[in-house]
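Colleague: Annotations for this protein, taken from TrEMBL, read as follows:
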DOMAIN    23-62  domain 'Leucine-rich repeat-containing N-terminal plant-type'
DOMAIN    127-213  domain 'Disease resistance R13L4/SHOC-2-like LRR'
SIGNAL    1-17  signal peptide
TRANSMEM  309-329  transmembrane segment
Amino acid sequence: MVLRVLLLVLLVFNSLAFVSCVNEEGLALLSFKGSLTEYAEGSMNNWNSSDQSPCSWDGVTCKQEKVVSLSLPNKNLSGIFPSALGNLSALCRLNLRNNRLLGRLPLDLFHAKELQSVVLSSNSLSGSVPAEIQMLSSLHTLDLSQNSFNNSIPLSIARCRRLKSIVLAQNHFSGSLPDGITSLASLQKLNISFNRLSGSIPKGISNLSTLRATLDMSHNLFNGSIPASLGNLPQRVYIDLSYNNLSGPIPQIGSLINLGPTAFAGNLFLCGPPLKTSCCSSTQDSNCQSLFHNPPRNSGRSSNSSTCAVVFVIAGIIIGICLSGLLFSKWYKKICACKVSRHFEQTLMPTKDFLYIAKHGSDYPEHYQFVQLDLHVSLDLDKLLKASAFFLGKSKTGIVYKVVLEDGRTLCWDPSLC
C-alpha cells in the first residue's frame with residue numbers, strides 16, 4: 001500500500017514537471033514544428049519540450065518570456081502553413097521567406113494582433129488574402145511576393161493604417177488597385193509588379209506623398225492614360241510603369257520628367273519624351289505641342305534656332321576644309337612645277353658633250369639640222385641613227401630628247417628650236 005502511494009506521488013511530480021516545461025508559447029511553436037514535413041538539418045534541433053522556455057530556440061526571440069519574433073528564412077521548411085502561430089499573442093515579427101510552405105493563409109494567424117512585420121515571400125502559398133488582415137492594426141511591413149496568391153487585392157488591406165511597405169509582386173492578383181491604398185498616409189514603398197491587375201491608374205495615387213523608394217506597377221494590364229497627378233510624387237521615388245497597356249502622351253510634369261525610357265517601355269500606345277515615339281502625326285504638327293501639357297511657347301523656336309545654328313557651323317567647317325584643300329593643291333602644284341623647271345634648266349644647260357638637233361619644217365630625218373656645241377665632235381646621219389634616244393622631259397622651250405652615240409657622246413634634241 002505504501003509502495004503504491006509512493007509511485008502515485010512520483011507520477012504526480014513528473015506530470016507537474018512536464019507541464020511546467022511546456023508553456024503555451026512553447027506548445028504553439030512545437031505545434032508549428034510538428035506540422036512541417038521537412039526542414040533543413042540542424043535548423044530546429046534545439047526545439048525540445050524539456051526546455052523551460054522556447055526563448056533559446058533557433059529563430060526565436062523573446063521579450064519578458066514572450067515570443068516576439070520568429071525568423072526562419074531559407075530553412076527549406078515544407079508543409080502546410082500552420083495556424084498555431086496565431087497563438088503567439090505577443091508575436092511582432094514573422095519571417096519565413098524563401099521556404100516551401102503550401103496552402104492558404106490560415107485565419108488563425110491574424111489572431112496574433114501584435115504583428116508588425118509579415119514576410120512570407122518566395123513560398124508556394126495560394127488562394128486569396130483574407131479580409132481578416134485588417135485585424136493587424138499595427139502592421140507596417142507586408143511582403144507576400146513570389147507566391148501564387150490570386151483574386152483581387154482586398155480592400156481591407158487599406159485599413160492597416162500604419163503600413164509602410166506593401167510588396168505583392170509576382171503573384172496572380174487581378175482586378176483593379178483598391179483606391180483605399182492611395183490613402184495610406186505612411187506608405188513608403190508599393191510594389192505590385194508582375195500580376196494581372198487592370199483598370200486605370202488611380203488619380204489619387206499622387207496622395208502618397210510619403211513614398212521614398214519605389215512605386216512599381218510594371219508588368220500588369222493597366223490601361224488608359226497616365227494621370228498627370230503622378231508627377232506630384234516626390235522626386236526621389238522611382239516610378240516604373242513599364243509593360244502595361246497605357247496610352248497617350250506621357251505628362252511632362254514633376255517627377256515624370258526625370259524618368260528614363262525604361263520606366264515606360266512595353267506600352268505600345270504611349271508617346272512623347274523620353275520615348276522615341278512622337279505624339280505628332282503629319283496632319284497634326286500645328287497641334288503637337290498641346291499634347292505635352294502646354295510646354296513653354298518658345299520651346300519650339302529655341303529648338304529650331306539651335307538646330308539652324310548647328311547646321312551653319314557644320315557647313316562653315318566643311319567649306320573651310322574644301323577651300324584649304326584647294327589652296328594647298330594649287331600651292332603644291334606650283335612648288336612642284338618650279339622644282340621640275342629648275343631641274344631641267346640645270347640638267348639641260350649646254351656643255352661640251354651636248355649637241356642640239358634643229359628641225360626645219362619636216363618630219364623626215366634627212367631634213368634635220370645638227371647644231372654642234374663642241375666643235376671638235378664630227379657627226380653625220382649614220383652615227384645619229386645608230387645612237388640610243390631617251391625622253392628627258394620639258395624645258396622652257398619645249399620637249400627635250402637625249403641621244404647617246406656609240407662612242408658615249410651625248411646629244412640633246414629640242415624640237416622647239418627647229
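Note: Cβ is positioned from N, Cα and C throughout, glycine not excepted.
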Colleague: What mean pLDDT does the predicted model reach across the domain 'Disease resistance R13L4/SHOC-2-like LRR' (127-213)?
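Modeller: Taking every residue in the domain 'Disease resistance R13L4/SHOC-2-like LRR' (127-213) and averaging pLDDT yields 94.
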Colleague: By DSSP assignment, list the helix, strand and coil residue numbers for the domain 'Disease resistance R13L4/SHOC-2-like LRR' (127-213), in that order.
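Modeller: Taking the domain 'Disease resistance R13L4/SHOC-2-like LRR' (127-213) as a whole: 20 helix, 23 strand, 44 coil.
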Colleague: How do the residues of the domain 'Leucine-rich repeat-containing N-terminal plant-type' (23-62) split into helix, strand and coil according to DSSP?
Modeller: 14 helix, 4 strand, 22 coil
